[in-house]
Structure formats: C-alpha cells, structure tokens
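**Q** I'd like to ask you about the structure that follows.
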Amino acid sequence: MLMATPTSRASLNLLRRSPKPKYFSSSSCHFRPSTFRKSYPCPIWSSSFSFCLPPPRSTTSTSLSSSSFRPFSSPPSMSSAAAAAVESVVSDETLSSNPLLQDFDFPPFDSVDASHVRPGIRALLQHLEAELEELEKSVEPTWPKLVEPLEKIVDRLTVVWGMINHLKAVKDTPELRAAIEDVQPEKVKFQLRLGQSKPIYNAFKAIRESPDWSSLSEARQRLVEAQIKEAVLIGIALDDEKREEFNKIEQELEKLSHKFSENVLDATKKFEKLITDKKEIEGLPPSALGLFAQAAVSKGHENATAENGPWIITLDAPSYLPVMQHAKNRALREEVYRAYLSRASSGDLDNTAIIDQILKLRLEKAKLLGYNNYAEVSMAMKMATVEKAAELLEKLRSASWDAAVQDMEDLKSFAKNQGAAESDSMTHWDTTFWSERLRESKYDINEEELRPYFSLPKVMDGLFSLAKTLFGIDIEPADGLAPVWNNDVRFYRVKDSSGNPIAYFYFDPYSRPSEKRGGAWMDEVVSRSRVMAQKGSSVRLPVAHMVCNQTPPVGDKPSLMTFREVETVFHEFGHALQHMLTKQDEGLVAGIRNIEWDAVELPSQFMENWCYHRDTLMSIAKHYETGETLPEEVYKKLLAARTFRAGSFSLRQLKFASVDLELHTKYVPGGPESIYDVDQRVSVKTQVIPPLPEDRFLCSFSHIFAGGYAAGYYSYKWAEVLSADAFSAFEDAGLDDIKAVKETGQRFRNTILALGGGKAPLKVFVEFRGREPSPEPLLRHNGLLAASASA
C-alpha cells in the first residue's frame, strides 16, 4: 500500500489477501494530490501500506553534502523583505539547533522529537509564506518563473512535514501527537492558501493557452493539467464565502482523520489478554507462543517462557493471526475476534461519530464543488468513473460468488467429518481456523512449518537478486549512512548497472505495538527532482521507506516469516521501485507523484506474482539452520494452494470496495440508514456468512477514513487487473527463458516504473503490453475464469 492509510483489519479474512490482492496516508495529502505526498497502504488482507532526497557528490564518496536538504535556501529572486523574514526566523537562538530547520543529507530521524515540532513547523511556514508572496508578485507563465519556484515551496513542506508524520506512524508518543495536532491547522491553512492562489492558477492556465503549449513535453503538459484540475478541486473557483466554508471543512476533515487513526492505534494497544493456563492456547505453534511470552516479559512477567507462560495476546497482526488460525479454544477465538472487530467503537475511542462527521463533511465539500457526491470528487483524478468502478466490482463479484458459496460448503463438510460441534453453525471466528485445517489436509501444507524456510535475511537477498535480474539494478546495505528511528531499521543503496547510485531506501520490518501503527506501507522521503538538485548535481536522487509489521526475531532466531509476510514485503518493494526507478526529472510528476490513484497498486501487486515463480521462491526459501532449500514437492503444493478459497478472499476485498463506494455515493448522513445499516446491506451480496449485528469493522477502516482511499478502495481490484495482465507478459515471454525475462523486465522498467506521473497510466500500460488491459489473466490466476465465462 502506498502510505496514505494506516491499515486497519476487521478480521483475519481482511488481512489475508485474495490470491492475487495507506496505510495510513499521510493526512497531509488531502490537498493537491499530485504535489503533496501520499503514501500507499496494503489492502486490508495483508497488514496495512514521502518524498525527496539528495544524491551523493560522486559515485565513490559517501558524502552527500553537495545535495543536502536546505529548508531555508532562498530562491535567487527572493525579495529583501522575504529574506528579512527568513533571517528573523533563522536567527532565533531556539531555532538555530532545531533539526527540522537544519541542512541535512538524510532526515535526522534520530534527533527529532516533539519539542522541535511547534517551533520548527511555524518557522518553516513563515518562511514559505514569504516565498509564496514573492512568487505571486513575480510569477510569469514560464517554467523558471512558475513551476520551479512552486516545486521548491512544495518540496520543503513535504519533506519536513513528512519527517514528523512518519515519526508519528513509527515512533508515536502522546507528546508528538499533541505537537502535530497543534500545528496541523496552520499547515493545512498554508496548503489551502497555496492551492487557492489565483496568480499561480492563472499562470498555469496561461501556459496551457499559450502558442508554445504543443511544444511542451507530455510530462509537462500532464503537470500543468493536473495543477489546474486540482486547483478547481481545492476550491479556487468558489466565491469568497463558499471558499471560506470549504476551507473550514478541509481543516475539520484533517483533524478528524488524525483522530480516527489515533483511536484505532490506541484501541489496538488497549487490548491485552493474559493467559496462564496452557490448555487455553492448545494448537498454537511455538513461534506464536514465543511471541506471546516475549510480550509478557515486556509487561513485567520476567520469567515468562514459550513453554510455560504466562502469555499475552494482543490485537497486533503477528499476535492476532495465529490465534484465529490455530487456537483450538473456540471461546478464545471468539473473544479475540470480537475484540478485533469492535476496535475503536466504544467509549472515548469510539469512531462512529467521527465517521458520520467525515462522511457529512465530504458530501458538503462535493456539493460546494458542484458534484453530486464525494465519489465523483474522488474519481475526478482517477482512471475510473463511479460507473466503471461499480461495473468492475460487480463483474468480479459475479465471478466470485458461486466459488465462495462452494468454499463455505467445503469448509462445513470438512469440519463435520472432523467431528466439529460447530460444523452446522460455523461463524466468523471458525472460518479461518477450519480453513487452515482444510488447507493442511488438502495440500499437506502447514504455514507454521514453512516459517523456518523464510528467514528475513534470505527473503531480502532473493528479492534483491530478482530486482537485479528484472531491472538491472544492484542493492547493497548502507547502514550508518543515514540516521534511523529504530535500531532494527536497515538502510540500502540502489545502483544502476554501471555502479552509480540512483536511489536509497529504509526498511523497518518488525511489529512494535506500543509505538508503531499497524499494517505495511511504502512512502516517499524525497522524490527525484532536477529543480531540487544541489550545485554540482544534475538531479536529486529519490529516497523511500518501506514499513512492515511482521513477526520480530524471537530469542536467537532470525525473523521467520509466514508466506503472507513474504508477499507483503514484495508488495511494498513494488511501490518503492516505482518511486526509486523513475526517470522523470520533473519533481512534481516523478515516481508515484501524479499517478492516478487506481493505478498506483500496479507495481506492488505485480511484484507479488514473483513469490510463486519457482526460481524466485527457491532462492528465498532456505532453512535458516540447515540451509536446505524448500523441497520441490512442497513448492508444488504451495503453488496448487494459490487458488485455495480464491472466491472467498476475492469477495472479501469486493465487500470493502463496495461499502466504500456505497458510503460515498448513496449514503445520506443523518438519514434513515446508519453507516452500519449500509455495511449490513452491502454484505448481503458480498458475504456468504452475514456479518454480526454488532460488527463495527468500519470503525477501524483506516484506508477510507484516515487515508487516501476514500471512494478509492476499488483501486486494489482495478490495479489487480492491470498487474495480473502485466505479469502475463512475462508468462507469454516464457518464465524459464532468462533472456526473455530480462528483456521484458527492462521494458517494464522503462515504462511502468520509469514514466511516473508524466504519462497517463493507460498509455503507459499500452506502451508496455502492446494493448489495453484484460481481466482474463486475473481471473485465470485466481482460478475463476470458468465462473466468469458462465456469469
């Protein structure tokens, strides 16, 4: 997922992907989506999903001083008044040592704390306001006099705000929350001020209407068109009274989305179940018991062990999932499931009223802009329309329904044959447990027994080897080159085939429930940019971070991953590749910037397909103790199990996408239906087992209420069609033909990964594939092609 949404999960089925398929999107992205950062979360089945930095001075030196980030480096045209305003800010003794305001090569994640946020952000905003005023006075409809100074303003805010927003996601404290909450309205006010600037808007329109328009590159034309459209969507055409109302709505939406995600995090942290009786945890694997004992030790039970306890279960994914999959204790499964399903739905952490207010304000915003509903606003910057999105969801739902019904019948029959008392009354806290038992029986695969073959170091080695084969890049550790926010964070350098650095990325792999948001996401730190390059460099190199929440090392063992966790790492790496391998030098359309939201999941979901490719899987599946490769027969079983319960997993994702669209098209805040009524109604056609009456999954659906996926969750399925078809190009070329794979990989790199937001995604896809996308490969990969043909 692109970080734009802390990922929330309502049940294990949400966390588990459909056999093919942010969060937490930085809430700073409510405005000007092509210029302000977004991050991209995984879909709910996995675990959950900033922008721009500098290149080294040379290919051999580790010094990055020639490209340091300088928050107060003034453009040459800055007036003396603006310069004086900057000087008054910088000269303040309390600010001179503020890490948010210092020149840096890489963000000083290790030295920023809550005390720096208020003074640092306010000083930065004062400086940027002076720059904006100067730009408005001197703006001309030319690239050097409009786009370049605008990019500098946007970039400075993006990088610095992205730094503190990232720390809030991975190193949360009450003090940091409070500081960000205090300055957030001022940051939003500036973003609105920038987005609604008439001089800038008119200058962009003048460029579009000039005789030189046709001579501009496609990337520059896309940039101009996006700026004009986004200005309209941010209210520039409204009269003063309506624009003031619009701005109040945006401020309130920003606050509400932050509060929503904080409530989800706090509610997730709040639940802890202490178990002292080993009978209660029968069936749970040693890896889970070790994790539970480790949690108990951290809570003061110093003598806790995996064998004898005590054990603490939490709602964090590495803890929650094993309970739902393996606990024979049905009462325990029910308790944990209900706790997970009801997160942030009661007491001080209740998100119900927040959801209602968010939906109400989004509808008001849409009406002010002249749209019928918020979904139309959302789709204005996407590939799809409301009608096309609904059409795709219904086509996939029809192809999935009968298979999902049969899945449930198979599950009940299997449970009955095993003598399960619940076989005739199977419900939500039973399906995951019995699905795991059926999968073990049918394919002789136990996911826990696979863990020793998927140690994190081997998985990363194999992933980097695949990237070299497909895209001709080398990835090497660069730990110590950049400050990090936790000792477990790794830092890597990406090099081209000539050995030149072209990008960098951080990787934060492990769950830290006490301070880190759940889920998995990729986000930008800095983007590739010609304008932001420092003296002596032609372009600033992109930097990304990948964040996961997988099982941490237990005892002296490395992190041993489930296959789902392996897929998640591949997924986030796909996002990072599109950010890092861009060839666009226009910073506002480089990498993932300005790509339509329903196309950004293409590279991430494409990369997941390689987890099932034999040579790739065998390169990462090495037993952590013996070095033994995963047995061939086990690989074949894993491949055969790929479409296991495909209809059920597909339907689950379609439910999330459908309720999202319904809430943003037909739901009337304050009307006869509640949000939960809508959820129940949509579930009639998208869930074989009806949801519980007390189902409150919406209260933790961060993708659409605290991220970038409002009226956009369908994007996972939309992009799934694109990604499956893209992977089929490699199948057509021959997956065993290394020469053909390399050639196809280079073509993928030169189109999908390189062109960024500078070209319409459909054009990019056609350039790679030679034709428009087809849903056939997706249905074939999921084993649903026959169902589709008869639907």
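Glycine too: its Cβ is placed from the backbone N, Cα and C atoms.
Residues or ranges marked as active site in Swiss-Prot: Glu572. Residues annotated as Zn(2+) binding site in Swiss-Prot, with sequence analysis given as evidence: His571, His575, Glu601. Feature annotation from Swiss-Prot assigns substrate binding site to His703, Ile704, Phe705, Ala706, Gly707, Gly708, Tyr709. For 118-138, 239-259, the entry in Swiss-Prot reads coiled coil. Taken from Swiss-Prot, the feature transit peptide covers 1-82.
Tell me about the setting of these features in this model.
**A** Residue environment of Glu572 (active site) contains 32 other Cβ atoms, counted within 10 Å of its Cβ in all protein chains.
Cβ neighbour count for His571 (Zn(2+) binding site) (all protein chains, 10 Å cutoff from its Cβ): 31.
Summarising the environment of Ile704 (substrate binding site), the number of other Cβ atoms within 10 Å of its Cβ, over all protein chains shown, is 28.
If you average pLDDT over the coiled coil (118-138) in this model, you get 97.
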**Q** Which residue among the binding-site residues Gly707, Gly708 has the fewest other Cβ atoms within 10 Å of its Cβ, if you could check?
**A** Gly708
**Q** Based on Cβ atoms within 10 Å, give me the single least packed residue among the binding-site residues Phe705, Tyr709.
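**A** With the binding-site residues Phe705, Tyr709, fewest surrounding Cβ atoms within 10 Å: Phe705.
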**Q** Find the shortest Cα-Cα separation between Ile704 (substrate binding site) and the recorded positions His571, Glu572, Glu601, and name the residue that gives it.
**A** Glu601
**Q** Could you tell me the C-alpha distance between Gly708 (substrate binding site) and His571 (Zn(2+) binding site) in angstrom, no decimals?
**A** 18
**Q** Among the binding-site residues listed here, His575, Glu601, His703, Ala706, whose Cβ has the fewest other Cβ atoms inside 10 Å?
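**A** Taking His575, Glu601, His703, Ala706 as the binding-site residues, the minimal 10 Å Cβ count falls on Glu601.
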**Q** What's the CA to CA span in angstrom from Tyr709 (substrate binding site) over to His571 (Zn(2+) binding site)?
**A** 17
**Q** Any idea what DSSP makes of Tyr709 (substrate binding site), helix, strand or coil?
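**A** Tyr709 (substrate binding site) sits in coil per DSSP, no helix or strand.
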**Q** Using C-alpha atoms only, work out the spacing between Phe705 (substrate binding site) and His571 (Zn(2+) binding site) and round it to an integer in Å.
**A** 22
